[in-house]
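One structure below.
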Amino acid sequence: MVLSPADKTNVKTAWGKVGGHAGDYGAEALERMFLSFPTTKTYFPHFDLSHGSAQVKGHGKKVADALSNAVAHVDDMPNALSALSDLHAHKLRVDPVNFKLLSHCLLVTLAAHHPADFTPAVHASLDKFLASVSTVLTSKYR
């Protein structure tokens, strides 16, 4: 999916407003995913999945850091996310549908924390961006 210049601006602006809360938002999105889509818990059998768990917070920070990297390299996401794509495809073997589920939960989390900034245009741009990230992460599954 091709991001327009306006999409890239919207994504960078929206992610910039996340600021120092990125790890918290990542953890919140994971918690939403685990509650809304319980089958996703199967990839984390060794985690304490309770609210506020240090393991969920730690993984939420990893998710947020990966997204920050994708935002910073929006014009070259395949190279920026190559190692992460390898990890998910070959070692973790995460079902690709889970990226869509997490993307949805991230959108809900961002909308809940930044309702005034979450315009239809920003929503569409973030959705396209997260779909692009998902495509890159699943590109090595073939």
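Glycine is no exception: its Cβ is also placed from the backbone N, Cα and C atoms.
So that you can see what the record holds, here are the features copied from Swiss-Prot:
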- 2-142: domain 'Globin' (DOMAIN)
- S4: phosphoserine (MOD_RES)
- K8: N6-succinyllysine (MOD_RES)
- T9: phosphothreonine (MOD_RES)
- K17: N6-acetyllysine (MOD_RES)
- S36: phosphoserine (MOD_RES)
- H59: O2 binding site (BINDING)
- H88: heme b binding site (BINDING)
- S103: phosphoserine (MOD_RES)
- T109: phosphothreonine (MOD_RES)
- S125: phosphoserine (MOD_RES)
- S132: phosphoserine (MOD_RES)
- T135: phosphothreonine (MOD_RES)
- T138: phosphothreonine (MOD_RES)
- S139: phosphoserine (MOD_RES)
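On the structure: features taken from Swiss-Prot.
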residue: S4; record: phosphoserine; Cβ neighbours (10 Å): 10
residue: T9; record: phosphothreonine; Cβ neighbours (10 Å): 13
residue: K17; record: N6-acetyllysine; Cβ neighbours (10 Å): 13
residue: S36; record: phosphoserine; Cβ neighbours (10 Å): 12
residue: H59; record: O2 binding site; Cβ neighbours (10 Å): 17
residue: T109; record: phosphothreonine; Cβ neighbours (10 Å): 23
residue: S125; record: phosphoserine; Cβ neighbours (10 Å): 22
residue: S132; record: phosphoserine; Cβ neighbours (10 Å): 20
residue: T138; record: phosphothreonine; Cβ neighbours (10 Å): 19
residue: S139; record: phosphoserine; Cβ neighbours (10 Å): 15
- Min neighbour Cβ count (10 Å) across modified residues S103, T135 flags T135
- When DSSP states are grouped into helix, strand and coil, how many residues of the domain 'Globin' (2-142) land in each? 111 helix, 0 strand, 30 coil
- So of K8, H88, which of the recorded positions has the fewest other Cβ atoms within 10 Å around its own Cβ? K8
- Query: S132 (phosphoserine) to T138 (phosphothreonine): how many Å between their Cα atoms?
  - Reply: 10
- Message: Given the recorded positions S36, H88, T135, S139, find the one whose Cα is closest in space to the Cα of S4 (phosphoserine).
- Response: T135
- Note on the structure: Across the domain 'Globin' (2-142) the predicted model averages a pLDDT of 94
- Note on the structure: The rounded CA-CA distance in Å from K17 (N6-acetyllysine) to T9 (phosphothreonine) is 12
- Rounded to an integer, what is the Cα-Cα distance in Å between S139 (phosphoserine) and S125 (phosphoserine)? 21
- Just checking the recorded positions H59, S103, T109, T135: which sit within 10 A of K8 (N6-succinyllysine), CA to CA? none
